[in-house]
Amino acid sequence: MKLRAVKGTFDILPEDQRLRRHVLSTAERVLEHAGVLELTPPIFEHTEVFTKSVGASSDLVVQHEMYTFTDRGERSLTLRPEFTAGVLRAYIENGLIVWPTPVKLWSYGPIFRAENPQRGRFRQFHQVNCEFLGLDTPLLDAEAIALLYTVLSACGLEGLTVRLGSVGDPEDAAAYNAYLRRELGARQSELSETSRERLRLNPMRVLDSKDAGDQAVIATLKRPLDFLNPDARAHFEGVQAFLTTWGIPFEVDDSIVRGLDYYRRTAFEIHAAGIGAQSALCGGGRYDGLVAALGGPETPGVGWAFGLERVLDALREAGVRAPEAARPALFLVPMDDEAVAEVAALAFRLRQNLTVLHAYAKRNLGKGFKEAERAGARFAGLRGARERERGVYALKDLATGEQLELPEGELAGFLHERLERPLASSL
């Protein structure tokens, strides 16, 4: 049998890494400027961490989408299907609950879901995740949303819009779910099989359906915003006021319902124009009861996550390219067997501060220059019997054609000085 990657997984090849690093470094810069600290929980947790948090009606549980296994100690463990539960477990266990509020944490890493692979959906993918803990204020919701918007904009995405909704407090959600059970219960024959199951477990999740028949039924219903209590409505209006002041484009979308059961009040998604039918990039919301559900004190919180591969696809569709990699400063060419070890030793020393490559066997002049050009190097450095006798390296500037000889000890200084000049002034 030919060995291949497991279905639903993929290899990240060298040519894919630069755009990926661009997104991650941009996210890190934007978040650190806002005082968001990085926390990395383990890849697997006790299964209870997730079953207590994501909710019995979430697809992760209902559709058996979690990778769960029993270890040698007969413990049930699960590969993380999302970040929030593990981050909050770490927040409680490591005493971060006593830190000054708000505590702002971000994470990055692989996520595992045993779902049917299709375009844009994988069994292993990567998320950037952010949690803001300790304050029950619309200001924190707005800051979380604005930071996510800023990260995506700084990566190069244009035409972004926040779609903002609210599922209210638990009593609001209970009243709305009762309304849905009453209204949809009488129309179950018009619903898809998935929506009938959602109606049984968590009726609000029916609003998530993309089925055309379901959508026709949903269009006739009241929405969660119609059931908000005065405090939840004031919170929702406060989030809108901050986003308006900061110039973050948003629209109220009363169909926004997040896919995990722990959300309260604010729920949001960010959509991008010009990237096809699947314009939704990411989302998040408020989850004030989740820390307590995991064994901690009552702690308000709001968070978001984006799938890195989804954002990378959107960047490619929008024609965004990663910044060009720095070209090698020098490609060393050994002209005889003795020079092979010499250029390798020199490359090792120069790599403290420069990108230096070399050939691994002797080359003639023509082949050596071709390899240097193919590597994208600015300079080619030749070493053979003649150069050894004179104690120098013969250099050629591959951008200008200039040729010169330099002792080994002067190479680093020369390269730094020449690379810092605008190219035109090197002539």
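Quick reminder: no glycine exception, Cβ is built from N, Cα and C everywhere.
Annotation comment: TrEMBL describes 1-323 as domain 'Aminoacyl-transfer RNA synthetases class-II family profile'. Looking at the domain 'Aminoacyl-transfer RNA synthetases class-II family profile' (1-323) alone, the prediction's average pLDDT is 88.
In the three-state DSSP reading, Glu82 (L-histidine binding site) counts as coil. For Glu82 (L-histidine binding site), the number of other Cβ atoms no farther than 10 Å from its own Cβ, over all displayed protein chains, is 21. What TrEMBL lists as L-histidine binding site is Glu82, Phe83, Thr84, Arg113, Gln127, Glu131, Arg258, Tyr262, Tyr263.
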Binding-site residues (Thr84, Gln127), the one with most neighbouring Cβ atoms at 10 Å: Thr84
